[in-house]
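According to TrEMBL, the protein has these features:
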- 20-41: transmembrane segment (TRANSMEM)
- 47-72: transmembrane segment (TRANSMEM)
- 79-97: transmembrane segment (TRANSMEM)
- 103-128: transmembrane segment (TRANSMEM)
- 149-171: transmembrane segment (TRANSMEM)
- 177-199: transmembrane segment (TRANSMEM)
Amino acid sequence: MQAASTRVASSAHGAAGRRARAIASAALKVAYPLVILASLRVGSPRFIGLALLVLLWLQRWLGAGSIGTLLARLTRLEWALALGLSSWSAGIALTGSETLLRAYPILVNGGMLVAFGATLCGGGPSMIEKFARLRAPDLDARAVRYTRRVTQLWCVFFALNGTVSMAIALWGSRAQWAFYNGVVAYLLIGALIVAEIVWRHAFSARGKAR
């Protein structure tokens with residue numbers, strides 16, 4: 001009886017811990033655009049660079065659950081992207097460079113484009129397929145083709161978003177840069193996610209009707 005109670009308590013504690021990490025991870029994702037918007041109030045890019053560096057690794061740590069798990073789960077590509085963004089953030093913090101700060105969202109979009117695009121090569125599962133299999137491990141061929149097309153769509157989005165971010169970084173003001181990367185880009189991401197969910201339900205309904 002006591003052993004069973006201990007197992008139940010341990011399971012409940014683990015579930016609570018996972019929920020807490022999920023909530024904290026979501027809060028940190030919301031914090032990224034807030035940090036970008038904070039650049040309007042904070043004159044020096046140094047503090048923004050430091051905040052970006054901390055957010056980057058806190059998000060990864062909370063998503064993995066522990067430092068050891070995090071390090072074990074990172075692929076070579078993810079290591080390269082994480083270290084690249086970390087080095088860039090550290091460079092912003094150390095130099096206070098406005099140019100480095102403005103280039104950061106371009107690197108983020110480029111990194112996401114590489115990460116998503118790499119899964120379209122070599123015949124392995126696409127990025128969206130990997131996400132989908134977390135909820136539904138048994139995907140049929142039709143669903144696999146759909147997830148591949150959605151991954152391609154996100155690649156196009158990251159390429160276009162990075163291009164616009166680059167143009168604003170080169171020719172826009174700090175306020176325009178912060179507004180686009182801290183507000184507009186995230187509204188576009190949200191709109192794309194909602195549109196994909198609506199289309200996915202329609203796609204699924206058509207498949208069941210056949």
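Placed from the backbone N, Cα and C atoms, the Cβ positions cover glycine too.
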For the transmembrane segment (103-128), sequence-distant contacts whose Cβ falls under 8 Å of one of its Cβ atoms, 6 or more beyond its ends:
36, 52, 77-78, 81, 84-85, 88-89, 92, 144, 147-148, 150-152, 154-155, 158-159, 161-162, 165-166, 169, 181, 185
Determine which residues of the chain contact the transmembrane segment (177-199) at the Cβ level, with the cut-off under 8 Å and only residues 6 or more beyond its ends counted.
33-34, 36-37, 39-40, 102, 105, 150, 153-154, 157, 161, 164-165, 168-169
